[in-house]
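Student: Pulled from TrEMBL, these are the listed features:
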TRANSMEM  21-43  transmembrane segment
DOMAIN    90-515  domain 'Major facilitator superfamily (MFS) profile'
TRANSMEM  142-161  transmembrane segment
TRANSMEM  173-189  transmembrane segment
TRANSMEM  195-219  transmembrane segment
TRANSMEM  231-255  transmembrane segment
TRANSMEM  261-279  transmembrane segment
TRANSMEM  343-361  transmembrane segment
TRANSMEM  373-395  transmembrane segment
TRANSMEM  402-420  transmembrane segment
TRANSMEM  426-450  transmembrane segment
TRANSMEM  462-484  transmembrane segment
TRANSMEM  490-510  transmembrane segment
Amino acid sequence: MKDYEAATAFLGEWGRFQKEVFFLLCLTIVSNGFTALSIVFVADTPPHSCLIPSHLNLTDAWRNVSIPLEVDSHSGALVPSKCVRYRLKDVRGFWDRGLLPDVDVNLSHVSTESCLDGWEYDRSVYTTTITSEWDLVCGDRWMNPLTSSIFFCGVLAGSIISGQLSDRYGRKIVLFATIALQTLATLVQVFSQSWVMFCAIYFVVGFGSISKYVAAFVLGAEILGPRVRTIYSTAGVSLFFGAGYMLLPLFAFFIRDWRMLLLGLALPSVLCVPFWWYIPESPRWLLSQGRVEEAEAIIRNAAKRNKIQPPSVIFSPLQIELQSEQRKAHNICDLLRSPNIRWISVTLWLVWNSVTIGYFALSLNTANLHGNAYFNCFLSALVEMPAYTLSWIMFRWCSRRWSLSSTLLMGGVFLLLIQLVPANHIFVAITLEMMGKFAVTTAFAIVYAYTAELYPTVLRNTAVGTCSMASRIGSIIAPYFIYLRSYSVSLPYILMGSLTVLVGLLSLLLPETRGMPLPDTITHMQRFPGCCQKKSYTLTQTEEKGNPADL
């Protein structure tokens, strides 16, 4: 009996049909590069200090010293305080009496107060951000990282729900529904009247963003042949995501107002609407649902577009019989039902969680690096492009386990080395951080493709969505890793580096999938070390009818 890939081998690997599916699905991913990291500019904190009301009519001498100086925790230099000012009642009294600062008045003895009249922000870089518009500074600065965390809470919800919807109702319909949801939510977000409203809509944007990404990722992995699938799963979607990420600082450089920036980033998604007529549903998924005629119609249409004559019978009666197991209802609980799939799932959840912490913490940290924020963001995006290329090379020619483990270990070591760099060697520290980002990004691309190979068709979208869901714990707390900089500049790197090294070692326990067929049912999955295995994956008729409980 032939498996799916053998039955459809007559289509070839890289015909017109595969090229259209490959590039159109990749194009739907570009906007994810905008959405996931636009908060770097939308919520950046400009230089600020307490507002001194103009109606006080203070002289320049008193106005210039009305903000006390304090030691900057990063540079060690004296800078104006961002959160306190000298008590204006006392300052006005000194001015009324004709006293001069630092001549008649010792400023160190003057009482201070909080910024009761608000803040004055530097407008040289940004016209407005949500931080400057809603004063997310000083006592309310905790709201800034919470904004990113709420987005990732939406990503968490999308990971939980969308995978199961996709496995139940189809990859294509979920893909286009979530493209529409993400675009409309971003457009509504432009009209936010408060931080609470912004965050509520941002949750929905996060939901749509991850749902679209996972649906496109799985749809391409299931439609494309083995060799092209490897390129698509590693370099393909990742490079197009990176392209969107690289365009983000370009958009932000020319659009300095956060509302107009979001509007500019939302509109390109409208161009995806015509893709509906060119991207088909996954034939693998249709077969798993018993919809054999629809699957055959898609394959025959693909053959027509590739100018190939299809055989009279594509899927044999035995293959149709195979779908009896696949038509059984599967859900998230199946990821923990047997010891083998349970250990694979738990290990992958830990790996995904730690990789996500490293990736998003380093990406969100670009605004805090020394130098121009736009250039740093572009540099952070640029290092991802060779990382994605390397992920494809490693995935194509190297062991899956060693590819994932080596990149994780390398990234962890680079991050741990940052704490050893002297404070005055800023560019050495930035170089090590970018090398760490390079390694972690490579691991991120590999683990996505590796996960799709480990799980069967009946659970693949649910599994990838659930792994993404588990990783959202990491993305939710990633902004707070950056927040730890206010206590110790090296602390975030120590924590991220240690976690990355640990999961790099843990990933060596995962089964190898290189050279193995993409599993269609739970019985076809590779074995986790220590879990019994009665037979190898040979796709014989006897194995196809095997009982999953035996495993």
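Keep in mind that glycine also has a Cβ here, set from the backbone N, Cα and C atoms.
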Student: With a Cβ cut-off under 8 Å, give me the same-chain residues at least six positions beyond the ends of the transmembrane segment (142-161) that come close to it.
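Tutor: Counting only partners 6 or more residues beyond its ends, the transmembrane segment (142-161) has Cβ contacts under 8 Å with 39, 43, 45, 130-131, 136, 178, 195, 198-199, 202-211, 214, 332, 360, 364, 465-466, 468-469, 471-473, 475-480, 482-483.
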Student: Have the transmembrane segment (173-189) and the transmembrane segment (261-279) got at least three CB pairs under 8 Å, pairs 6 or more apart in sequence?
Tutor: yes
Student: Between the stretches 21-43, 373-395, 462-484, which one has more Cβ pairs under 8 Å with the transmembrane segment (261-279) than any other?
Tutor: 21-43
Student: Would you mind listing the long-range same-chain contacts of the transmembrane segment (426-450), meaning Cβ under 8 Å and 6+ residues beyond its ends?
Tutor: 217, 221, 230, 233-235, 237-238, 348, 351-352, 355-356, 358-359, 362-363, 365, 369-371, 376, 379-380, 383-384, 386-388, 390-392, 394-395, 400, 403-404, 407-408, 410-412, 414-415, 417-418, 464, 467, 493, 496-497, 500, 510, 513
Student: Ranking 21-43, 343-361, 373-395, 402-420 by Cβ pairs under 8 Å to the transmembrane segment (231-255), which is first?
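Tutor: Most Cβ pairs under 8 Å with the transmembrane segment (231-255) come from 21-43.
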Student: Do we see three or more Cβ pairs under 8 Å linking the transmembrane segment (373-395) and the transmembrane segment (343-361), pairs being at least 6 apart in sequence?
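Tutor: Between the transmembrane segment (343-361) and the transmembrane segment (373-395), which are separate recorded stretches, there is no contact, as judged by 3 or more close Cβ pairs.
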Student: Can you tell me which recorded stretch out of 21-43, 195-219, 402-420 has the most Cβ pairs within less than 8 Å of the transmembrane segment (343-361)?
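Tutor: The listed stretch sharing the most Cβ pairs with the transmembrane segment (343-361) is 402-420.
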Student: Okay, the transmembrane segment (21-43) and the transmembrane segment (462-484): do they have at least three CB pairs under 8 Å, pairs separated by 6 or more?
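Tutor: These two segments do not touch.
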